[in-house]
2 protein chains.
Amino acid sequence: MFAEMLAVTETCHTVHIDLGDRSYPIVIAADLLGQAATFAACPDAAQAVIVTNTTVQPLYAAQLQAALAGKYRQVHTVVLPDGEAHKDWQTLNLIFDGLLQQGCDRKTVLFALGGGVVGDMTGFAAASYMRGVPFVQVPTTLLSQVDSSVGGKTAINHPLGKNMIGAFYQPQLVVCDLATLDSLPQREVAAGLAEIIKYGPIADMAFFDWLEAHIDALRQRDRTALLQAVRRSVEIKAWVVGQDEKEAGLRAVLNFGHTFGHAIEAGMGYGNWLHGEGVGAGMVMAAHLSQALGLVDAAFVQRLTRLIERAGLPTRGAVLDAADNAGAYLAHMRVDKKAEAGEIRFVLIDGPGKAVVRAAPDALVRRVIDTCCAQGVGIQA
Amino acid sequence: MFAEMLAVTETCHTVHIDLGDRSYPIVIAADLLGQAATFAACPDAAQAVIVTNTTVQPLYAAQLQAALAGKYRQVHTVVLPDGEAHKDWQTLNLIFDGLLQQGCDRKTVLFALGGGVVGDMTGFAAASYMRGVPFVQVPTTLLSQVDSSVGGKTAINHPLGKNMIGAFYQPQLVVCDLATLDSLPQREVAAGLAEIIKYGPIADMAFFDWLEAHIDALRQRDRTALLQAVRRSVEIKAWVVGQDEKEAGLRAVLNFGHTFGHAIEAGMGYGNWLHGEGVGAGMVMAAHLSQALGLVDAAFVQRLTRLIERAGLPTRGAVLDAADNAGAYLAHMRVDKKAEAGEIRFVLIDGPGKAVVRAAPDALVRRVIDTCCAQGVGIQA
């Protein structure tokens, strides 16, 4: 199916996320966010609020504001500080303050304009403000276009854990404007590619083949390649989420690379490693663990590692604690949301193209961590 | 139907709240919370967390802990400061801190042991912790037994508005232990009666007749009378919520007295007037507004006022601003969640036993406020 798809030269594609009365479309194309037509089907209300951050606001807020001005009597903007380090209650409260100071009612529509942090926070604010108002996502990073745009996961961090406080809450519409990727730092393009690469080993090795052939085009932000990569990633994620909206089982496979990756992010202090960088190194570690358990061979691990490297991502984990590095990883992984009663649930590759979620002996995990980590890697800023 | 019900002498009753896959039972009887059997059907997990406050903890936490000890390997307790003034993010975060410090996973069951504030905060914590864990309500006040036990509304306050941040989230089970009402201050019994009286004018005048006959027994905490009053209130609320879980329309009638009442609560500073006291005076004000609009006659207003007075509740609103009292009420009411684009939606009585939600001219509302308020009323502590 994916091979056929590639024969078509598209400039715009819509993926329909089917979740019953919480269904919504994801529109993918260049130059969408400045057009009123993009938002014609959004819910009616007197007020709309654009939530963005200090980096994205000067680039795109005026365009979006203009596109919404005909539909909403008032369009306010709330500007948050940029970065994962601000994905906390204090910053979330800036959104609530803005909504209440403007007298926003429960029909007010929130527009998340920015990357994953803005999307996650705006989504949680929308889920919680007056117990729920509609929201629209306008993701402006590659990572958020392929990842947080599907699945309805919203959250903020707690000092003791990432994404610990949040809600499952679906947007009304997601607008992936490929033109916004032109302004993205190269490091963030690579971070987005980590979540795209992920879909190969867990679900679709034909897509993985295609990625091997197009990784350079993607790094160069070729729009035809980006449209196909975003489209296929979103399709696979939508299929998985459609099976398991609340993460009771299958959906956990989307966290391939994330258990190790979250440990790196948390251990290094949020914001030092990008999420996608943690996932990059984390996928290599999870692949090694899969190999140690006899699920994949060394050739597969090498092939995955090579693609992650070509994407510009770290392929080795950071050393979190020089005295007991494996212990530091294990401590972080035990508070992961997938853990149950202290037992870490790893997403492993059970043969190329198929993921499985299972526990692993501590001794084996320690060996993989010792093999896969190196001092001073990963940060390429 | 209610008349027939009263012929039966019951000591225990279960009301089933029918919300599809979010259905749950409300069990009403004395001496429930210390019995393991009460919680036999609760979700299995390694850990349970009792959330309570400094007032309720010494009275009932040990009993509940003992009842849960056989079912859960670990039973932790988080003790919050008591009172509406603490229904904020900082206090909510004490719950998240406790859950994370104890390494609680996403199967952990939260038990809300206390009044409406504990229930609302525990419910919101359960809705948000790891994007949702199961919770059980053990309401220990009359108000929370008849009101916050049904409907799935959870929330915290924001400095600019009451219950502005929250979620619709249903419990697994509600346990209304009538024995816990013995420890309740008389002022809080009266506050609970306000929410019980409400169901007469909006839905069931036969119940209102019964309340007129049993108001003294209820104030004396006669358990037979309490069982019937709690049961009927919960039944009516369940019927309304079953029609309109997310408060799109009908459910708003449950806010009879609340628009004025919230203005009093907010204007006097949360915690100075009890919620039920605000609703008591608020119902009198809403009845006067209904009369001014020609929907009910003076005899009905008088009859309702008399029952509210006999319950031990204030029947006049507080003066929020000596210079422009009506203006102060209107300003508070315009940020009410029911308001739309700044227009206040009042719950009015459209003939005894039937509620309607509509706007009213400012001039008329001002006249009602001027008639119904008096300096220094309401606080009877």
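Keep in mind that glycine also has a Cβ here, set from the backbone N, Cα and C atoms.
According to TrEMBL, the protein has these features:
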- B:78-190: domain '3-dehydroquinate synthase N-terminal' (DOMAIN)
- B:82-87, B:116-120, B:140-141, B:K153, B:K162: NAD(+) binding site (BINDING)
- B:192-339: domain '3-dehydroquinate synthase C-terminal' (DOMAIN)
- B:E195, B:H258, B:H275: Zn(2+) binding site (BINDING)
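The binding-site residues shown are B:E195, B:H258, B:H275; of these, the one with its CA atom nearest the CA of B:D120 (NAD(+) binding site) is B:H275. Ranked by Cα separation from B:E195 (Zn(2+) binding site), the binding-site residues B:E84, B:V118, B:T141, B:K162 are led by B:T141. Listed binding-site residues: B:D82, B:D120. The one with the lowest count of other Cβ atoms within 10 Å of its Cβ is B:D82. If you draw a 10 Å sphere around the CB of B:T141 (NAD(+) binding site), it holds 27 other CB atoms from the protein chains shown.
DSSP assignment over the domain '3-dehydroquinate synthase N-terminal' (B:78-190) gives 45 helix, 34 strand, 34 coil. The residues of the domain '3-dehydroquinate synthase C-terminal' (B:192-339), classed with DSSP into helix (H, G, I), strand (E, B) and coil, number 106 helix, 3 strand, 39 coil. For the binding-site residues B:H86, B:K162, B:H258, B:H275, the ranking by surrounding Cβ atoms (within 10 Å, all protein chains) places B:H275 first. Counting only residues at least six positions away in the same chain, the Cβ atoms of B:P139, B:T141, B:L143, B:S144, B:D147, B:S148, B:H275 sit under 8 Å from the Cβ of B:G116 (NAD(+) binding site).
Summarising the environment of B:E84 (NAD(+) binding site), the number of other Cβ atoms within 10 Å of its Cβ, over all protein chains shown, is 20.
A mean pLDDT of 95 is what the model gives for the domain '3-dehydroquinate synthase N-terminal' (B:78-190).
For the pair B:E84 (NAD(+) binding site) and B:H258 (Zn(2+) binding site), the C-alpha distance works out to 16 angstrom. Of the recorded residues, B:H258 (Zn(2+) binding site) and B:D82 (NAD(+) binding site) place their C-alpha atoms 22 Å from one another. Cβ proximity to the Zn(2+) site centre (mean Cβ of B:E195, B:H258, B:H275, cutoff 8 Å) flags the following additional same-chain residues: B:L143, B:D147, B:A194, B:K198, B:G257, B:G261, B:G276, B:G278, B:V279, B:G282. Less than 8 angstroms from the CB of B:V118 (NAD(+) binding site) sit B:V51, B:T52, B:N53, B:V56, B:L80, B:A112, B:S144, each of them six or more residues away in the same chain.
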